[in-house]
Every structure is written in C-alpha cells, then in structure tokens.
Amino acid sequence: MRCVRLSHNVNDNTAVNRTHTSYSLLQGPSTQLDTAAITCHVVYVHGSGPSSDDTIFDASTGASFGVYWGKGDPRNTSQSVQGSNQTQHIATLEAIIHVLSTSQRLEGRLEIHTASQYAVRACSTWRLVWIKNGWKTARNDPVKHQDSLKKILELEHHRLGPTIYKHISGSDAAEGRVEAAKLAASPFQTRRQGTRG
C-alpha cells in the first residue's frame with residue numbers, strides 16, 4: 001500500500017511518500033502497492049515496567065508509558081500506569097489506549113509502532129482467535145488483559161480510519177522508538193528516586 005505519511009514535527013509540514021510493509025489484521029504482511037495513496041499518521045509507544053505478569057505491585061517497580069508523535073509535538077506524553085496491575089504489557093496497552101482515545105477524530109491510517117511483540121500480536125492476529133473462542137486461550141483459560149484489549153478494539157471501531165500495529169526492534173535506533181522509551185522511563189525513574197528519599 002502506498003502511504004503518504006504526514007510529518008508530525010511542528011516545524012515541518014512536508015508530506016513524504018514511502019513504500020513500506022504493512023500488517024493487515026486479516027491478511028497478514030503485505031508489500032503490494034495500491035494505486036491510491038492514503039494519509040498515514042505514525043506514532044511510537046513504549047511501556048516500561050516489570051516484564052512478568054505475576055509481579056506484585058511495588059512503588060519502586062511501577063509501570064509507565066511513553067507516547068511519541070514527533071519532535072515538539074504537544075501530543076507527546078509520559079504517564080504512570082494507575083492501578084495494581086503494574087506490568088510492561090499493561091503499560092504498552094495503556095499507551096495504545098491513550099493514543100486511540102486522543103485520536104478518534106484523526107482521519108486516515110494510524111500506524112502504532114512498538115517494540116512489544118506481545119502488544120502487536122495481541123492487537124492483531126491473536127485477538128481474532130480469542131474473539132472466536134469467547135476470549136479464552138487454547139487451554140480454555142481467560143485471556144489476560146482482556147479488558148484493555150476490548151477497550152482497544154472498541155476505540156478502533158470508532159476511529160475515522162484503519163489502525164495498524166507495527167513491531168520494531170527494541171534496539172532500533174530510530175528517533176521515534178528512542179524518544180518513546182525515554183518518555184516511558186521518565187516517571188518510572190522519578191518514582192524510584194522518590195522511594196529512596
């Protein structure tokens with residue numbers, strides 16, 4: 001699909017044409033080009049916190065997330081995860097919920113880039129199976145984080161365009177990934193310092 005990506009740098013309004021591999025929720029990876037171009041909005045999200053879902057909440061290991069739209073973009077944000085479920089997975093899902101909640105009137109294709117393979121798969125291929133199975137796993141256990149995943153699905157349905165999830169390497173030096181990770185670590189580091197005082 002040919003995609004006209006809009007720059008989110010507040011000092012640069014230039015649109016750039018780029019051919020890329022997209023991930024369709026129904027058809028999987030595709031590199032085929034369509035004749036019509038659509039507007040793409042790209043955002044990077046990162047969740048920071050304990051990686052184990054079994055970790056019990058502790059003030060020194062709480063979870064946070066970062067959202068990065070571009071240099072100087074007022075939508076960039078860094079937030080702590082609320083509640084007792086303080087894991088990296090939840091932090092990333094909360095970042096996605098934040099993006100979708102604040103982008104309901106944003107027209108065109110929305111690409112959410114993240115280093116979390118779990119988030120990409122849970123919000124694309126896995127959930128198709130989970131929905132079919134009544135939000136149960138292959139072992140007939142309730143799907144973890146299903147409240148967050150259902151919220152994401154609901155927000156997607158109300159968007160003015162498709163939502164695509166793209167996985168990027170955790171070692172990717174791209175500005176978006178690096179800045180989102182910095183934003184995610186900000187409240188996490190502040191909270192750790194506070195517990196030492």
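Residue 1 is the first one shown; counting continues down the chain.
In case you wondered, yes, glycine gets a Cβ from its N, Cα and C as well.
As written in TrEMBL, here are the features:
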- 52-189: domain 'RNase H type-1' (DOMAIN)
Average pLDDT across the domain 'RNase H type-1' (52-189), rounded to a whole number: 90
Structural state census, the domain 'RNase H type-1' (52-189) (DSSP three-state): 58 helix, 22 strand, 58 coil
